[in-house]
Amino acid sequence: MIRRAPHPRGPDRVDPTVRIRDRRLRRHHRGDAYRLTALGGLAALSLDALSSIAYGPEAIVSVLVTAGESAVRYTVPVAAAITVLLLVLVVSYRQVVAAFPDGGGSYAVAKSEFGRPAGLLAAAALVIDYVLTVAVSLAAGAAALGSIFPVIADHLLATELIALAVITAVNLIGIAESAKVLMAPAVLYIVVIGAVIVLGLLRSEPVATIGTPLTFHEAPGVIGPLILLRAFAAGGSSVTGVEATANSVPSFRTPAVRRAQHTEVAMGLLLAVMLLGVAQVIATHRVLPREGVTLLAQLTAAAFGTGILFYVANLAVAGVLGLAANTSFGGLPVLLSRLADDHRMPHLFALRAERPVYRFGVAALGLAAALVLLLVDARVDRLLPLYAIGVFIGFTISQSGLVRHWVRDHGPRWGWKVLLNGFGAVLTGIAAVVFFLGRFTDGAWLLLFLIPALMLLFDRTEHYYRQVAAELGMGTTIPAPRRDPAERTVVVVPVVAVSGLTRRALDAALSLSDQVHPVTVDIDPGTTARLMDQWNSWDPGLDLRVLPSPHHGMVEPIVDYARDLTGPGVQVVVLLPRIEPRKRRYRILHNQRAPIIAEALDRHTDAIAATITIHLD
């Protein structure tokens, strides 16, 4: 593309105090304003973790009651163990943020500490879990809305796809914009959970009871460690999303590391307080699963009754469950960009828009989540067997990688850090194994195919890029460029009318070579005759060549002409004029021939396709 622009140095340098009038340049100039603050990061990247209060404690109780109603008293100890794991992970990922500020989380740690295979495994596990997080969050949110408004229950798939389209569109604009949208629902949700905990601990009796009681058979003897271990693994879904901040450090404003660490700690403390508080309320009032309602819905009814506050509280919970999908939109595009930087995904995933946004990663996540929702017909129970296993694999690899990092580098207090990360690796490893074995027959076996398939995709993509690099001589010493005195350049300029656009194109062509061939394609004899009359009257000093077109097409004659000119000692350049209107909506009003001709030239000839863009005021 041939464009003339002032040199950025000297008197033409842009003064930062001067107001930039061009809208696109102004957005780029204020790029950091479109990144996250610590508070914005809490709204944009922590909802996955915080929303787990809606299903994590219930998962614990659902396992415990298989041993009888009295087993509910173990809810607090199990929640306390999960909180310990949570805090270990928060401290660990705070370290990951500092050690790997370019993002990537578990993938970055695994690649650095264990090499390529472990990095591919961590990346594959995280990609699967990010896509499932979107699908599960939207499905759970739609199901919660359906329990409040029965009319939605008949249109769950449509509700989920509409919500997915909205979240995807907002993230295509920018993650900072999504944080603004999510801030109010996040605050309302935190207030609701806090009120449920406080009122639940203060009141001796529930204000209202909802749902149909279920019967649970008391198991003889003491509850065995296997039940407690299963309850720990089931409730461990509460810590999913902890890694999202470490994966998305580049999305934060400067200083990005400090802001990301503040977000990680704030998320961990909030989740720990809410998890322990809800568990204590459940144990104090011996809240049991009931038919037709969630455990959290029972707690909100007990705290607020069944009036307007009950509906407001459950709407807040349902909304945040759905919006928790936004966490993946903050994490997966950054992870894909790191994979693209390592040549393990197409390079387009590393491209950033003006805001900055990895739009190809956002769009890919939206499409993948939509496909999953369509395949499972919006049923969350079909997704749960695969959910959270991938992230625990990532947790285990990340913790183990940090252990190796501290043992090798011996930084300050490295012994304490080795113990902390080693303890976390053992806990998350146990949780991953229990998750996988417990859900194997329910669908977790699919991971045995999905994870290797993604690893193979990453591997083959990297292999392809290596072959391309070798063929192009990238990374090697190549001869310096030189001009062959015997070589000549011929510039071909397609012409459809005599206009200022044609004059600009010819001016540019003559600046490149003294051999310029204006050509027009004879699609309609009458139009061609009128153009020739106009050309002869104008008389620019160049002959206009008429190319025959038996099939009345424009592309093929130009491609054939360029191919015929190309030969030893001849470099052909086809200069394609293109109009760029001031407003994008007017693009459709112009005949966009240039991209079509350029693609055909690239595919079928050795000619250089160049574009000269004329900007309309």
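For all residues, glycine too, the Cβ spot is worked out from N, Cα and C.
As annotated by TrEMBL, transmembrane segment applies to 33-54 (among others).
Residues or ranges marked as transmembrane segment by TrEMBL: 74-93 (among others).
The feature transmembrane segment is assigned by TrEMBL to 120-149 (among others).
Annotation comment: TrEMBL describes 155-174 (among others) as transmembrane segment. Long-range contacts of the transmembrane segment (155-174) within the same chain, counting only residues at least 6 positions beyond its ends with a Cβ under 8 Å from a Cβ of the stretch, are 34, 134, 138-139, 141-143, 145-146, 181, 322-323, 325-326, 329-330, 355-357, 359, 362-363, 365-366, 369-370, 373-374, 377-378.
According to TrEMBL, the feature transmembrane segment maps to 181-202 (among others). Counting only same-chain residues 6+ beyond the ends of the transmembrane segment (181-202), those with a CB under 8 A from a CB of the stretch are 39-40, 42-44, 46-47, 50-51, 53, 170, 270, 274, 277-278, 280-281, 284-285, 296, 299-300, 302-304, 312-313, 316-317, 319-320, 323, 326.
The transmembrane segment annotation in TrEMBL covers 222-244 (among others). Within the same chain, residues 45-50, 52-53, 55-57, 59-60, 62-64, 66-67, 71, 74, 77-79, 81-82, 85-86, 89-90, 93, 105-106, 126, 129, 133, 264, 267-268, 271, 275, 324, 327-328, 330-331, 387-388, 391-392, 394-395, 398, 430-431, 434-435, 438 sit at least 6 positions outside the transmembrane segment (222-244) and bring their C-beta atoms closer than 8 Å to a C-beta of that stretch.
Sequence annotations record features per position, and here TrEMBL assigns transmembrane segment to 265-288 (among others). Note on the transmembrane segment (265-288): residues 38, 42, 45-46, 49-50, 52-53, 56-57, 60-61, 65, 69, 72-73, 75-76, 78-80, 82-83, 86-87, 89-90, 94, 190, 193-194, 196-197, 200-201, 206, 213-214, 216, 238-239, 242, 245, 295-296, 298-299, 302 of its chain, located 6 or more positions outside it, place their CB under 8 angstroms from a CB of the stretch.
Taken from TrEMBL, the feature transmembrane segment applies to 308-336 (among others).
Listed as Cβ neighbours of the transmembrane segment (357-378) (distance under 8 Å, sequence separation of 6 or more from its ends, same chain) are residues 34, 130-132, 134-135, 138-139, 142, 156-157, 160-161, 164-165, 167-168, 171-175, 325, 328-329, 332-334, 336-337, 348-351. Per TrEMBL, the feature transmembrane segment maps to 357-378 (among others).
Feature annotation from TrEMBL assigns transmembrane segment to 384-406 (among others). Within the chain, the transmembrane segment (384-406) has long-range Cβ neighbours (under 8 A, six or more residues past its boundaries) at 89, 92-93, 95-96, 99, 105-107, 109-110, 112-114, 118, 121-122, 124-129, 132-133, 136, 236-237, 239-243, 414, 417-418, 421-422, 424-425, 428-429, 431-432, 435-436, 439, 442-444, 446-447, 450-451.
Among residues of the same chain six or more beyond the transmembrane segment (418-437), those with a C-beta under 8 A of the stretch's C-beta atoms are 84-85, 88-89, 91-92, 95, 229-230, 232-233, 236, 388-389, 392-393, 395-396, 399-400, 402-403, 406-407, 444, 447. Annotation source TrEMBL lists transmembrane segment at 418-437 (among others).
Beyond the ends of the transmembrane segment (443-458), by six or more residues, the same chain brings 120-121, 123-125, 127-128, 339, 344-345, 382, 385-386, 389-390, 435-436 to within a C-beta distance below 8 angstroms of the stretch. What TrEMBL lists as transmembrane segment is 443-458 (among others).
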